[in-house]
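Feature annotations, courtesy of Swiss-Prot:
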REGION    1-203  region 'Disordered'
COMPBIAS  25-90  compositional bias 'Acidic residues'
COMPBIAS  103-120  compositional bias 'Low complexity'
COMPBIAS  121-131  compositional bias 'Basic and acidic residues'
COMPBIAS  163-183  compositional bias 'Basic and acidic residues'
COILED    221-280  coiled coil
REGION    307-338  region 'Disordered'
COMPBIAS  321-338  compositional bias 'Basic and acidic residues'
Amino acid sequence: MSSVKRKMPPSSLLQRRVKPRYEPEPESDIEEDVSEGPSEDDVGLSGSEGEEGGELSEDESGSGSDEDNSDAASSSEEEDDEEEQEDDGPPIDASQLSFGALAKAQAAMRSSSSKSQKASDAAKTKEDEGYGHPTKLSSAKKLDKRSNKHAPVELTSKKPVSRKRDFLTSTAETKRPQARDPRFTPLGPGASTAAAGGGSGSTIDEIKARKAYAFLDDYRASEMQELRATIKKTKDAAQREKLQRALLSMESRKKAQDRKDRERAVIEEHRKKEKELVKQGKTPFYLKKSEQKKRVLVDQFQGMKKRQVDKAIERRRKKVAGKEKKMLPMTRRGAEER
């Protein structure tokens, strides 16, 4: 009885794992190894030849199939050996390399260094775009601990200056109220709301400032007396006229302040009377602006003589007539004067 060997398909022969045999490393150059080693086309051809041999073995005897199997096994072993030689190649000697290979290596190193430089530049630009604000890494740095809990905290003075200038925006520093001289700005911080017609904060501030700086009236009176004395002594006409204008300005400011004080006194007196009436159960009565002016005029004329009252009325009549003439057109102004 003849022993029949089992045939294996050629595809399984190519995929079968074969243990590589140990061979000493060749002492030739890399170029010789590449030239001696079979290319991928050769491997493909050998595989195709193995397939053709497998087809022929079906018609031929069993001895032919054994030879094909041995050829396929040897080709797979050679392929594995070549892969190992490619992975674990011998160390390259720089003296044996050509100038072209060295130039390519230098170009590759330059390109890698330029890429790293570009990455660092991009990181710097991102930091600059942050307008100098500290990042998470910089804020994470902790300062040294204090030697004592009562010791002052040490802060670094090397803080980056922001590129953003917010002088046009409203910040906390611009909103912070600044100290002002009440002689020149008596209305205080609520002047804007009072000018718009809503809010009595400005009047309250003005009353407080007036009471707190009432002693300035004595200083102004003494200054006016000194000005009158210097006007009498000066002989230069230009200097004398300049001093007279200054004295007239101070007198007009004093008259305006006295008028405001009288108006405020009239309103305060009316409020006191109304508070007493409200306590008795009556409804409060609020004065209109026109009624306030009438009461102020009555109070002003009460302390004057008849001649002074006539002068004040004549002055007021001329003032009102001048305002009315300004409102008329030029043609009618001439007719009115005639």
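Just so it is clear, glycine is given a Cβ too, placed from its N, Cα and C backbone atoms.
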Local confidence of the coiled coil (221-280) - pLDDT mean: 91
For the compositional bias 'Low complexity' (103-120), residues assigned helix / strand / coil by DSSP: 18 helix, 0 strand, 0 coil
